[in-house]
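Trainee: Can you keep this structure in mind? I'll have questions shortly.
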């Protein structure tokens, strides 16, 4: 048979199962056609691909097969093509059937050959079709992605997905050929290439260390290979035309394939050895199951490899070297290595990555046998621990997955402990710079494998300043120095340094040495020779580098701040370091000094003379360390001396070249050594640290002798070892004054040990200082480390009950006995490794201590927790913290917030509430100004003028931000924006570091307030003029806006002062928690996948409707503000175009905020999609969206028809807000099984956190099609509904954020919209909402109002449930049966069963345990479908909230409360008042002993039992709770009653709230007395009954209670009985 003359490509063939069937090369289309037609004769050849691949490659294959068939005139074979939709959704039973139908329709028979052209989905799906069609036909794999090339196409695994999981139905069916055309990768998006590199790295990690080492060094070359274009030239088809990069790429692919092919040949059906290719997949697949399809397979496996490496490290079978190398290699290719990676955190589903969820998914893994999870463990790079997956216990995996950990106190099992610490961070970073600058090769031993050294190495590689390789299994780093030659990175490439301060400071000067390149893409008039861009994370952008930059600029280097003055990021001009005299301020960081010293020998023009100025030099030992290391690398620095021999702070550095020593051993880290030594000290055991002794270069090596020995430890130190033996537990002694200037990083360890030191020496202290004092000085620089460490230690020690005092240069710690420390403390670690490790020392003796951010130790001791367990012998368990927002935050969530606004706007009031709600510190800048200057602002302005005041004000703001970079709210003076310097400072802060909030208030209210205010300086002009001048500046510098409502509109609607104040507090707390992302106000029901609704408001003006909002929102989870329907005239909007003003929308939004705490859905609906907003007004629409972000709106509905760039920009700035990406088709043309809806969904899924697609139902079948579509698209919450009457069924069946209306609304927002009541009724009628039975247990209860309360609530929301009375005074078998019945929905419990019911429950809330009573039973579904019974107490919440809501004045440290009574209700009252934050609680009972006994059960509540109500030890109470029957109290002093006399002095405070727990009569003595006291508000017992019932109702139903209707029913009956 004649064949075409096909140019034979140069191939690499890989054997599998005894056949050379895997052919690898470039540009293979003609070769593939010829080979298939020649070697696989058939009547029909069918090529199947997807639409995405078809665009790039289908035409060339059609041409190749057409030509090949034409060259074979004797053949009658057909060549058919079939194109299917792309993506995982095609890999289904339906997708398989569609291909099979195509084959059958085209009369394909058993001799057909099927070709799969595409990625893994195509290969898996088409392979399974081939395996089953006609009982098996031949097929060919032609993978087009790197992932498919090296993984899914090799080995014969084929499968489809089902709703139960991926690849659950399939077969082993080997392809006849696998053709690997590496030229395909040129058309692959970089992310897809990187996705495949994860599998390549995995294969090398389990099998071949040499290949792994090559991958570590080859990332730039491999990216260059796929970045080149050879498609037009066919370059690479033959070796003669193949570039070096192409050869490398083909080598990488074939080597990876070769390993898998070898393993498959030995174990085709995956009985053991083939499990090895699943390294990273056990955990990776679990992550993928949650995040698919947004996060790719390789990205999930990359995270899985790191985590499974950590599992092996924890089990002691893999060193940190191995984990570090895997992490570095993955990062080199841009793969995520943690679930905290911003790309992962940006996915809404990432909130579902809980430990229990991942462990549950891991149960279903084909590698498992029995309950144990099977994980492939590495023993080193290139070698697995076993030749199969190894069984691992859940607690081991849990500890690795957990973000936090709990240290279990005890005596170290390893006592006496002998260990070494990781390599010194300080020496490791210096050695890397020196070896890179030097000539020759240097082998570094004991290098620290951590985040810090990784970013240093990555930066040096990007600068092409050195080459790195590994020897001895990764124990030795081989550095080939570049002799000081550095190259500008490509344009757009930034050197990202994370929070690595050492790397940032050293590299700042290194980058000045970069060679000039006027042709660089970075060259400009400002930087004619190009520049390097260095940056870091949010905290790094707060850490100072100003003194170093000032010194470099003064020496002629070009350095530019890009955001905040004095901090990264920087543009650093190329061209060299000039040299000569350099003056440097070294009182903040010795790293500035070392940075210049290290680079000075490479000065361009003259020798460097480095002169240190500005006061005492900090951390001199670290400068000495740098000098010693420079000498080792061949350059000796001379430090000048005075005539008397005193050393001066002047250094002469000659111009020279470093000569790399052949080997350099890095000392162990002395700062890290302090932790195990301190564990020995605090637990009374012995620890020896190797490689740290008197000969150490590091100042922290003196910690044991200078601190622990003085505290009472036995210390032995040789040149190379340090041994500490602690005294018996509890016998450490305070040491008075200790100067730690030479070992500043060790101060945190000293602080936690000092916290448990008893009375000792007061050496160096004043005579009146307590003898349990340890005063630590010389550590001021620790305020500008990874966090403000001095403040961090003070704040966290306070949680343990340890008292401290902050000093200018340090702090004092007042030690106390271990047993008196608070237990179960959760320590916030500030993402600071030293904070975490220091508190882990204290945790060894304080039970229940949780370290919230355990991974921050990876900066210097990545395996600290493993070593703490395995080497020291203190157990650590993984803890999952309560979930916080996964949203991408522009800032560190704990970045300090600046408040700006006019004088009189309420900045101080709002700031104080905000700080209290976040648990942060509040600072009024004006008060700080007065404290520092000793003058009132008005006095200062009068004496020195406004200009001087503005300058001083600017400096104070800068100081406050430097001193308080996190967890602080700073309120500024109204005129701060008058200064251009301040405006630049505030704008830069808001762009890069943290929120700047503009507190707004109606201008007329401000004018009225300031007209009567005299304490502050006069403006010298009209206040209104000042306001209108500043107002645009406030908007310019701010990132967010908060409207300070005075409550005028609330008062007009009958709200009490207490309710107005409460609304302000609630909204302030919501706003600041939302914009920080610390506790976003998002719908829990939506997040948890439960049924949820939002109410669509259609009012043109909300203000008149404010009183109706609580009624309208019953049952809703959020409120939709239809911005396009707003109209300041109050007239309904009749149609487009309608563009409401920003100010009007802001006012409406704020009114809504102060009326309801529900999340807001901010919607601007265009005319084409059913609204009134013009489709062409994109600029105006995004101005409104920006307003929503500035006001902290929770959900923003964004139509995907707007321009993609605008949407992407909005998404990048959304913070904790979520985007509902929406599309509405009013025509009815969109079909739920068509291509258009898939296209719209894919677009919406890419940009939105929630997807909303609305169609129009023309028949009832359209609802079923929608249902099927929704079932297949579950990666994100999906709102899918059909409009019109025929579409109402879709609203009933939709579960996520169904838009609902209410009968009281003026119009419905869309045709067919239903109420919550309508939907519940329909669900019940369709069998989707089963009726449940609820009960009240207790006796006597015949006249209880609870049935009326709850049954009214069920009726109003259309719920088919019933609430019954079950009268009983004992727990009977019938009660036991009722609460375990399938229809049991929940129960209220009253006397006498509140305690007796507890043994029947599976779990009891902490508050119910503390109160000692359960009044509510809530059934909860477990993961396995069974039911657990949860008991809680809602009485305390009712007391808490009604007291809080009626307090006019906020709670301060001086606020007091009074509880009358000492029974069970009094316990709930005490718990509620303590939860309010009131620190002094008076307790009165007729029997004082009973009061004292009750007080003793709550020793931390600040309870003071009273003998009389006539006077109070402190301030009079502003909250009074009466837990005494009404008959037991009287206001008649001369009464013969045995009741408690209530004197008028009870209510002597000017305002307050009294809560009466007695149900009858309506007006009790205490309420009557309060009614006579101006400013006091009374809460009746019936109000408490209703309030606690609302919480029960919402806990049982998951729906917001229709409070107004429920309460109206109860009050009506109650009043009729009086």
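Every residue gets a Cβ built from N, Cα and C, even glycine.
Here Swiss-Prot flags 1-394 as region '3-dehydroquinate synthase'. The NAD(+) binding site annotation in Swiss-Prot covers 50-52, 88-91, 119-121, 124, 144-145, 166, 184-187, 195. Sequence annotations record features per position, and here Swiss-Prot assigns 7-phospho-2-dehydro-3-deoxy-D-arabino-heptonate binding site to 135, 151, 157, 167, 199-202, 260, 274-278, 281, 297, 366. Swiss-Prot lists 270, 285, 1224 with the feature active site, proton acceptor, giving sequence analysis as the kind of evidence. Under the heading region 'EPSP synthase', Swiss-Prot lists 407-874. According to Swiss-Prot, the feature active site, for EPSP synthase activity maps to 856, an assignment based on sequence analysis. Look at Swiss-Prot and you will find 894-1096 tagged as region 'Shikimate kinase'. Under the heading ATP binding site, Swiss-Prot lists 901, 902, 903, 904, 905, 906, 907, 908, citing sequence analysis as support. What Swiss-Prot records for 1097-1318 is region '3-dehydroquinase'. Taken from Swiss-Prot, the feature active site, schiff-base intermediate with substrate covers 1252. Sequence annotations record features per position, and here Swiss-Prot assigns region 'Shikimate dehydrogenase' to 1331-1618.
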Trainee: Where among the recorded positions 91, 135, 285, 903, 1252 do you find the Cβ with the fewest other Cβ atoms within 10 Å?
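Mentor: Taking 91, 135, 285, 903, 1252 as the recorded positions, the minimal 10 Å Cβ count falls on 135.
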Trainee: Nearest by CA distance to residue 88 (NAD(+) binding site): which of the binding-site residues is it, out of 167, 274, 905, 906?
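Mentor: If we rank 167, 274, 905, 906 by Cα distance to residue 88 (NAD(+) binding site), first place goes to 167.
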Trainee: Can you count the other CB atoms that lie within 10 A of the CB of residue 201 (7-phospho-2-dehydro-3-deoxy-D-arabino-heptonate binding site)?
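Mentor: By my count, 28.
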Trainee: Enter the number of other CB atoms within 10 angstroms of the CB of residue 902 (ATP binding site).
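Mentor: Excluding its own Cβ, the number within 10 Å is 26.
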Trainee: Of 91, 145, 185, 285, which is closest to residue 135 (7-phospho-2-dehydro-3-deoxy-D-arabino-heptonate binding site) if I measure between C-alpha atoms? They're all recorded positions.
Mentor: 91
Trainee: Tell me, how many other CB atoms lie within 10 A of the CB of residue 905 (ATP binding site), whichever protein chain they belong to?
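Mentor: Counting Cβ neighbours of residue 905 (ATP binding site) within 10 Å gives 26.
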Trainee: Going by DSSP, is residue 905 (ATP binding site) part of a helix, a strand, or coil?
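Mentor: Looking at the DSSP assignment, residue 905 (ATP binding site) belongs to neither helix nor strand, so coil.
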Trainee: Looking only at Cβ atoms, how many others are within 10 Å of the one on residue 121 (NAD(+) binding site)?
Mentor: 23
Trainee: In sequence order, which residues at least six apart in the same chain have a CB under 8 Å from the CB of residue 50 (NAD(+) binding site)?
Mentor: 83, 84, 85, 86, 87, 90, 118, 121, 122
Trainee: Taking only same-chain residues 6+ apart in sequence, whose CB is under 8 Å from that of residue 906 (ATP binding site), what do you get?
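Mentor: Same-chain residues close to residue 906 (ATP binding site) (Cβ under 8 Å, separated by 6 or more) are 999, 1001, 1044.
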Trainee: Would you mind reading off the Cα separation of residue 297 (7-phospho-2-dehydro-3-deoxy-D-arabino-heptonate binding site) from residue 195 (NAD(+) binding site), to the nearest angstrom?
Mentor: 7
Trainee: Counting Cβ atoms within 10 Å of each candidate's own Cβ, which of the binding-site residues 901, 904 comes out highest?
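Mentor: Comparing the binding-site residues 901, 904, the most crowded Cβ belongs to 901.
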Trainee: Taking the Cβ of the residue listed as 'active site, for EPSP synthase activity' as the reference point, list residues of the same chain whose Cβ is under 8 angstroms away and which are at least six residues distant in sequence.
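Mentor: Long-range Cβ contacts: 829, 830, 831, 832, 833, 835, 836.
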Trainee: Measuring C-alpha to C-alpha, could you say which of the binding-site residues 145, 195, 201, 274, 277 are within 10 Å of residue 907 (ATP binding site)?
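Mentor: Near residue 907 (ATP binding site), where near means Cα within 10 Å, there are no binding-site residues at all.
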Trainee: Please name which of the recorded positions listed here, 91, 903, 905, 908, 1224, is nearest in space to residue 277 (7-phospho-2-dehydro-3-deoxy-D-arabino-heptonate binding site), Cα against Cα.
Mentor: 91
Trainee: Give, as a single whole number between 0 and 100, the mean pLDDT over the region '3-dehydroquinase' (1097-1318).
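Mentor: PLDDT averaged over the stretch: 92.
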Trainee: Looking at the recorded positions listed here (91, 195, 201, 270, 902), whose Cα lies nearest to that of residue 1252 (active site, schiff-base intermediate with substrate)?
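Mentor: Out of the listed candidates, the nearest Cα belongs to 91.
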Trainee: Find, among the recorded positions listed as 274, 297, 907, 1224, the one whose Cβ has the highest number of other Cβ atoms within 10 Å in the structure shown.
Mentor: 907
